[in-house]
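Novice: Below: one structure in structure tokens.
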């Protein structure tokens, strides 16, 4: 047996990438790894930046998958949407794990650079707002933090002009012969829809005969799976913030933990949760 170091070239691996696309070229790693610019000398600021930048990358993928799932549902091609929604759930499972890394930063360590953040805050995240709007939580007041970027505001308005993910699921219910009341006549999608007894009754019928309505049943469960992970992400956000800054006002001027706790009260797909009590 030779003690010589292993050389992948002996098995045909390419080792010279002059004039060829390498791993780093494809992923544009030079740009990506140059995108962290701490404003202080604090050791933990790099952790804080990377935590939020990687979250934004995962959110970009979540938006891609949610939009694709919505398009599939709208054209009655429901089964591909199951895979896409399952992937979104896994994305938020990944995002949940990321809080564990950020929680290794102590309050004392955060205070060393918190003042460098100015008024920047996670609630100003354009991609997070896009996800909320795509899911149907359409608080129009949250357009205002993006007013200084007309192109971002226009993109959010474009989302608001169309049905949400849940709206598309309800429209599918209607196309499959279920009565969904006022939701069947909606043409203005800008606001957050009201909970509906007719929609609850329709979903209850699906759950009482899942074999007959398998695609609708599976879609509903994929939506509940996702909201379950999304709720955990919100909860972990609250506990992480409370652990690090307590009940201080947030850098963006919100009430911090109290603001985040209010977000825990939002239910994206209310009828899908409430029907369980009556089954």
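Cβ coordinates come from backbone N, Cα and C, glycine included.
Below are the features I grabbed from Swiss-Prot:
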- 48, 49, 50, 51, 52, 110, 114, 251: substrate binding site (BINDING)
- 237: heme binding site (BINDING)
Novice: Between residue 51 (substrate binding site) and the residue listed as 'heme binding site', how many Å separate their Cα atoms?
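Specialist: With the alpha carbons as reference points, the distance is 12 Å.
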Novice: For the binding-site residues 48, 110, work out the Cβ neighbour count at 10 Å and name the residue with the minimum.
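Specialist: Sparsest of the binding-site residues 48, 110 by Cβ contacts within 10 Å: 110.
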Novice: In this structure, which of the binding-site residues 52, 114 has the fewest other Cβ atoms within 10 Å of its Cβ?
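Specialist: Lowest Cβ count within 10 Å among the binding-site residues (52, 114) is 52.
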Novice: Just counting, how many other CB atoms are there within 10 A of the CB of residue 50 (substrate binding site)?
Specialist: 15
Novice: Where residue 110 (substrate binding site) and residue 237 (heme binding site) are concerned, what is their Cα separation in Å, rounded?
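Specialist: Roughly 16 Å, rounded to the nearest whole number.
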Novice: Looking at Cβ-Cβ distances, which residues of the chain lie under 8 angstroms from residue 49 (substrate binding site) while being 6 or more apart from it?
Specialist: 36, 37, 38
Novice: How many neighbouring Cβ atoms, not counting its own, are there within 10 Å of the Cβ of residue 51 (substrate binding site)?
Specialist: 15
